[in-house]
Amino acid sequence: MPQLNPSLAAKLRDNAPFLALIVLYVLIEIAQPSFLAPSTQLGLLADSSTLFIMAAGTTFVVLLGSIDLSLQSVASLASVIVAMLLPRYGAMAAVVALAASFGIGLLSGLIQTMLRIPSFIATLAVGGIASAAALTLSGTRSIAISDEMRNASLGWTTGTSFGVPHEILLGVAVFAFCLFLHRSTVFGRHADAIGAGEPAAIASGVRVWVTKCLVFGTSSFFAGLAGVVMAGRLGSGSPTLADQFLLPAIAAVIVGGTALTGGAGGIGRTLVGALLVSVARVGMTFVGISVFAQQIVFGLILIVAVTVAFDRSKVLVIK
């Protein structure tokens, strides 16, 4: 049996997420001929922007070879903070929510680096604290945001400019900023170096603990930004607003091709992964799969993606 050329096989493997996205588009267009209509695509991109914003931040965590399980809790807390403070402080409420989110990420980084415990334990614990804070501050209820306050202070999360939804424009801005952060700054180079080999990074003079704290802070900042955007779009803040976002966000990063062991991947891949997850969600909605059942599918997708892409040469023992 003839074997595939190794270089061609490598190219196919590298571009598998993009090819899968094309296949999904074709299948859904066959099932729903209006899917490729410009209005439908603008709506899809607007809906997927929140997921991408959250996934973009945690891409840096995965590049370290770590994981952030506090994303949905931080996003929900940010939505509660902005909804509570908006009547009194206006647009500054979003600034406070984002600052609090960044601080929560720094706390996760400090706990991991200073206490030397795995990132999933540190972020799970901090996520629990953030969730409890959101429940306490909100009184376990949703906090409504009036249309007047939303338009005055959170207009950048809703509406359109030049016919393009603001969510898409914000997603483009986040993509450009994260791409610059990854490829053109010391921060991005150090994140890659730590993921590729932490002992070598330490030997070369990288202040690993500082970089890790900043990376987790960045992840939480963008999770908080996603929470603020959701609050603006939905007109309320809630302690459970982002409860269905953790698994899709991590899936977007991994399915997009960023290595779970760290050191390889990037924002461009996460963008493709976020679109892939969003289009898959649309497809499942078309065929009548409930939101809760979709979590099962995303879990299976994540297992398959990790099984295929996991670099076992970096890990001698799987625990």
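Residue positions begin at 1 at the first shown residue.
For all residues, glycine too, the Cβ spot is worked out from N, Cα and C.
These figures come from a predicted structure and were not determined experimentally.
TrEMBL lists 16-37, 44-63, 93-111, 117-138, 159-182, 214-234, 246-267, 287-310 with the feature transmembrane segment.
Only sequence-distant pairs (6 or more apart) were considered; of these, at least three Cβ pairs between the transmembrane segment (93-111) and the transmembrane segment (214-234) are under 8 A, so the stretches are in contact. Relative to the transmembrane segment (246-267), the listed stretch 287-310 leads the set 16-37, 117-138, 159-182, 287-310 in CB pairs under 8 A.
Through the fold, the transmembrane segment (117-138) approaches residues 61, 64, 66-74, 76-77, 79-81, 83-84, 104, 107-109, 111, 216, 237-239 of its own chain, all at least 6 residues removed from its boundaries and within a Cβ separation under 8 Å. Distant neighbours of the transmembrane segment (16-37): 255-257, 269, 272-273, 275-276, 279-280, 282-283, 286-287; these residues of the same chain sit at least 6 beyond its ends, with a Cβ under 8 Å from one of its Cβ atoms.
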